[in-house]
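The structure under discussion appears below in the form of structure tokens.
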Amino acid sequence: MDALNAIVALANFVLVPAIAYGSQLALGALGVTLIYGILRFSNFAHGDTMAFGTMVTVLATWGLQAMGVSLGPLPTALLALPVGILGCMALVLVTDRAVYRFYRAQKAKPVILVIVSIGVMFIMNGLVRFIIGPGDQRFADGERFIVSARTFKDMTGLEEGLAIKTTQGITVITAVIVVALLFWFLNRTRSGKSMRAYSDNEDLALLSGINPDRVVMITWLIVAALATVAGVLYGLDKSFKPFTYFQLLLPIFASAIVGGLGNPIGAIAGGFVIAFSEVTITYAWKKVLGYALPESLEPEGLVQLLSTDYKFAVSFVILLIVLLFRPTGLFRGKAV
Amino acid sequence: MSETMKKTALFALVAGLIVFTGLFQSWNTALLILNMGLISAIMSLGVNLQWGFAGLFNVGVMGFVALGGLATVLVAMPPVGEAWAAGGARVLAGLATGAALLVAVVLLRRAMRPGRARALVTLVVLVGGFFVYRAVFDPGVEAVEAVNPAGTGYLGGLGLPVLLAWPVGGLLAAGAAWIIGKAALGLRSDYLAIATLGIAEIILAVLKNEDWLSRGVKNVNGLPRPLPYEIDLQNDPGFVETVQGFGLDPVTSSSLAVKLGYAGLFSVVLLVILLAAQLALNSPWGRMMRAIRDNETAAEAMGKDVTRRHLQVFILGSAVCGIAGAMMTTLDGQLVPTSYQPLRFTFLIWVMVIVGGSGNNFGAVLGGFLIWFLWVQVEPMGYWLMQMITAPLAEDSALKAHLLGSAAHMRLFTMGLLLLLVLRFSPRGLIPER
């Protein structure tokens, strides 16, 4: 019984949250990695792109809610998601046309593009705060839990409950669908193949008649969709606050780099590596160990390796270790 | 127009803007802008050392600035005797254990041959050592934080004159930069950027959570000042007599006098650092740095130790940021860890350097003043603009209220726009590198 309780407690406090957070990070990191692979710079504005897409979705959700539209047990935000994606696509295409294209034509150094993306970050950040304000916005509605801790306890008769929030379930399912679509697109369609070719060897791709403008445009469209989905899922799961999205930049970059920049599979793996380490290292293990160990060994303290406020430190240390010992990431990324 | 003419004109323009503020808003605001402008100029000189001289992309400025702020507390606040008695020794022992652990790991790794066994031993020593460290450290922290948590709850500082904190802030930042540089400087430019971004967040997390060190989010208030308090000036008959002789109000003029005093102190520091940076730029060392920046391979072929030089300039630049951070906390009179935001303390400094002109010290200084002025003044300007735009709307319209309420966020937008415009149309900045 104790062993079962330990497993349930572990699932409830570590596995489920980490899987949901990992999916969100993976989607974010995919966006960063695609931009790195095709446009060849680290996009510092990615967190704020996510925030913008989410903001449009939040506004659309409020509109739908005001009209009385709902999805029943599912959050209304899912209906508003396409609007958010379209809004985000419009924004990144305008940004690319107005800002990035000039530097691409100049063949500017990657670090110049990074500085340019900092400027874009300021603008997007200001825009989001201007429109929706810097405060916390909740926009999740519908059923809160797929399985609540109480029902689980009643069902199984265990002491520990297992709660799975609707948003966590949606996060994982959506992430799986999005990733499957993305890989199908990259591996099976003509446009996807030309994207991969362009990422692998730009000169050779140009020589074989691939239109670079088209590749870049498709990349931005995909990135906008990924960023919006990632942002909305994160916002549903926690809450939407522009500054938090800016801070997500660090774990997202860590995921992309740990997996290997420019490598989509790496980005997914990296997202889960970072999420699981953040959650396991900042979780207080007292409860789980209390069940798992014999009574005499039961720990007195919280057995928390680091306080939750240090979660950035965790992603950072992993990032540094990977960079020092395997600079191209777990899955071989590219080095420009 | 000659180079010097342009330079003078631009600086005159910024001076004019500040005087204009003084005439039309208040001299108090003008002096506030001047003081923070001086500090911003020093920070952007530090970033310019790293980016303009050596091409190092450091986006962890906020961390070094915050370390400077910590130095002010550690140097100037009086020590809390009770807390030291309760757990000071234990905290120090804990820190020593942690340091010894890291040294042990490094020595072990040197002694053993690379392979699976070494990785395993490293891991075991690190994880086991971590628990030992926490066992020594945690009770000490708890004891210290239990001492009058509402008033102190930390170890306090050394009770030394606050001006001493400025060089100490530089040293603290330099020490942190040395550790970071050792680990991260071999990396590619954008990896270095992410690494420094992360370090800054970690330094801030430490400031926010290690209450025994910095009181965390409870803030440290009432830092000693290098200058007299306004109230003392107002009670000083000599001062009152002098200002009344000029026909001034003693209350206003005492506040102005203190701010002018800070401006004087900061100007001295700025001039010293600017002079040093100018001498460095024109010395053989400066030429070598630029040679490394422009072509690392060629510089290496000429026998220059690129990694060492990078480490050197990274430490110097960070130290300058640390000094500026200590000055800023001294000016504020309090350490508020939650007030450190990357947009304000890292990326805004970058806007200053890029807009002013990277690689040119005068450009960095100009950028510091100009961008700080805009950062402060865009807010009222944005509000005014919004009032003009929303004037036709009804008085109770929700849109009007929202637009007016959001006007403050225009400043981020403006800074981004400015950065992009300069990068596009004048990529070398207002005062380009010669």
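Here the Cβ of each residue, glycine as well, is placed from N, Cα and C on the backbone.
Predicted, not measured: the structure shown is a model, and the values here were computed from it.
Under the heading transmembrane segment, TrEMBL lists A:6-39 (among others).
The feature transmembrane segment is assigned by TrEMBL to A:51-71 (among others).
For A:77-99 (among others), the entry in TrEMBL reads transmembrane segment. For the transmembrane segment (A:77-99), the list of distant contacts is 45, 49, 52-58, 60-61, 63-64, 69, 71, 116, 119-120, 124, 139-141, 170, 216-217, 220-221, 223-225, 227-229, 232, 235-236: same-chain residues at least six beyond its ends, Cβ to Cβ under 8 Å.
Annotated transmembrane segment per TrEMBL: A:111-132 (among others), in sequence order. Long-range neighbours of the transmembrane segment (A:111-132) within the same chain, counting only residues 6 or more positions beyond its ends whose Cβ lies under 8 Å from a Cβ of the stretch, are 39-45, 47-49, 51-52, 55, 58-59, 91, 95, 99-100, 103, 242, 246.
Annotation comment: TrEMBL describes A:162-186 (among others) as transmembrane segment. Note on the transmembrane segment (A:162-186): residues 8, 11-12, 16-17, 19-20, 23-24, 26-27, 30, 73-75, 78, 140, 142-149, 152, 192-193, 195-196, 222, 225-226, 229, 233, 236-237, 264, 268 of its chain, located 6 or more positions outside it, place their CB under 8 angstroms from a CB of the stretch.
When Cβ-Cβ distances below 8 Å are used as the criterion, the transmembrane segment (A:215-236) is approached by residues 23-25, 27-28, 30-31, 34-35, 38-39, 46, 49-51, 53-54, 56-58, 75, 77, 81, 84-85, 87-89, 91-93, 96, 104, 137, 139-140, 167, 170-171, 174-175, 178, 182, 185, 191, 194-195, 198, 205, 245, 248 of the same chain, each at least six residues removed from its ends. What TrEMBL lists as transmembrane segment is A:215-236 (among others).
If you look up TrEMBL, you'll see A:305-325 (among others) marked as transmembrane segment.
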